[in-house]
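Undergrad: According to Swiss-Prot, the feature disulfide bond maps to 238-240, 271-274.
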């Protein structure tokens, strides 16, 4: 069982749609699997948290993938999630770390870079995909997701993300919020929201203080204004498997498979998302080859 979960809520009589998430254990699982250093952990954790909350907007078997590519030293940050609270992610260069920035925080912007884009691909079923992209504005990721919603999905939003890392590289706290203004929202509501967000304590500090996702929303929106709709358990989950990789090997073609048999006497594949390794024997590859022929 995981302690991580996502909260879905409405506020101010439906003028505001809100999500918040506690992701400490999910991000710890990613940190353990990928051996990420603190700055990389923060970048990956923030991206996973945002992706998880975006996944909570989906239905049924729909899923989405987020790719952040700012041309920075960390390379790409990739996460995907579904409507059921499953999330996974990885970074190209997990051993990326820098001294704290001028604000005494992990320098995520320096690791991610700002010369690039945030891309979202939603798999909405029936081989139907929605793709949206926006330029990175700060590389800190919260601002970048906020800008993505405004630019690509035309929904005024505020995204706050935070990850705190312990001296031993383990994850101390991780979570975030995603608040969206619905069509027809009153100016007074929008002004209240902007004022609250501008004056709030950083997300990672609030989570570190023990605030639950519900309390995080109460802090921003006022408890009396919030209607909690649903809680969804969240966890790091990878859907890779032996058969999936065997299928991928099949796609390489006969010559490449024959090469694996002759030269390597088998094959090994590693999943980018969870680093599980899969072994394929000569016999298995030969059988695959026979089936293709």
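Yeah, the Cβs are placed from backbone N, Cα and C, and that goes for glycine too.
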Undergrad: Three-state secondary structure of residue 274 (disulfide bond) from DSSP?
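TA: The three-state answer is coil.
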Undergrad: Within 10 Å of the Cβ of residue 238 (disulfide bond), how many other Cβ atoms can be counted across all chains shown?
TA: 19
Undergrad: At the level of the C-alpha atoms, what whole-angstrom distance separates residue 274 (disulfide bond) and residue 240 (disulfide bond)?
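TA: One finds 8 Å between the Cα atoms of these residues.
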Undergrad: Between residue 240 (disulfide bond) and residue 271 (disulfide bond), how many Å separate their Cα atoms?
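TA: The separation of the Cα atoms works out to 7 Å.
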Undergrad: In sequence order, what residues of the same chain, 6+ apart, have a Cβ less than 8 Å from the Cβ of residue 271 (disulfide bond)?
TA: 238, 240, 245, 277, 278
Undergrad: Taking the Cβ of residue 240 (disulfide bond) as the centre, count every other Cβ atom within 10 Å, in any protein chain shown.
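TA: Taking all protein chains shown, residue 240 (disulfide bond) has 17 Cβ neighbours within 10 Å.
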